[in-house]
């Protein structure tokens, strides 16, 4: 979608709920990290503030799998109550830790990676920080294999579900614990009245199939109902939403299609390998299609921007290839994506659309600050 400033948008900008959603995709998280770095740089330039951070501008930041990790990095506070990581720190994080995270365990019967290094680095970076301390509302998904239900970690749910005030490193590992790749994660939380809760969690993509945009919008809707700063919003609809959704790239080889004659001879293993790829691609497409349709039906299509590379090839399609050569290729994918047109119908590039998005975010922040001062 092409983001544009309209008179109706400006009229209600101060009351808009801003949402950032980041897909899952393992090491391919480098692609949205490049986009986030560009956007944060634009916000710093527009507001003439080198300390400006994404968490200052978005009411809700949601992510699944590697998107959940990015969410935690830009919302978890440091000792100065500022995000412990700037957007420009994310790509170096992948380069430093990616090869150790995706270091084959050598196990034939167990998961491909033991997850020990991932959990260790998350503990070191995120410390004892819990959900309630996040600098803005978060929406990080996981799936409990014991209860067979999704688990959504958000600040706005804590009043009714205090057991969800887990440590951020437990949440981040859980949302990244993709079956086959990493072991499930078990941890326990205790509420203030002494109740004990157990969690047996795997990758959030099981709950959201990689794209948490709809989840993030749902959390934003609830936030507008319970947060006093949105008291002037009587009935939230998509006209009052500003959504930026970042993908981790799709495999262009998925588009080669298969014939009925070819697949008729496939066995369970061949289908198992192909169907996950098909499901992820189809789900991401349908999520984007649904959101686009709903925003358009509300005459708010300019409030939604999906940034996605749809032509990944070779090693860049792999979520666990953390070789330096492949990570460099993923950086190039992200940088090239910024120069590509948002749609076939317009010459506007993602870079130009994100600059416009940054201006809207800045204006919205200033309008809300001015309103709060009266």
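Cβ coordinates come from backbone N, Cα and C, glycine included.
Look at Swiss-Prot and you will find 1-11 tagged as signal peptide. Annotation comment: Swiss-Prot describes 20-217 as domain 'PNPLA', evidence class sequence analysis. The motif 'GXGXXG' annotation in Swiss-Prot covers 24-29 and rests on sequence analysis. Annotation source Swiss-Prot lists motif 'GXSXG' at 63-67, citing sequence analysis. The feature active site, nucleophile is assigned by Swiss-Prot to 65. Here Swiss-Prot flags 103 as N-linked glycosylation site. Under the heading active site, proton acceptor, Swiss-Prot lists 203, citing sequence analysis as support. Annotation comment: Swiss-Prot describes 309-372 as coiled coil.
Packing against the motif 'GXSXG' (63-67) from elsewhere in the chain are residues 21-29, 32, 139-141, 175-176, 178, 203-205, 207-208, 210-212, 215, 246, 248, 319: each is 6 or more residues past its ends and has a CB under 8 Å from a CB in it.
Highest Cβ count within 10 Å among the recorded positions 65, 103: 65. In this structure, the CA atom of the residue listed as 'active site, nucleophile' is 18 Å away from the CA atom of residue 103 (N-linked glycosylation site). Each residue contributes its Cα atom, and for the residue listed as 'active site, proton acceptor' and residue 103 (N-linked glycosylation site) these two points are 18 Å apart.
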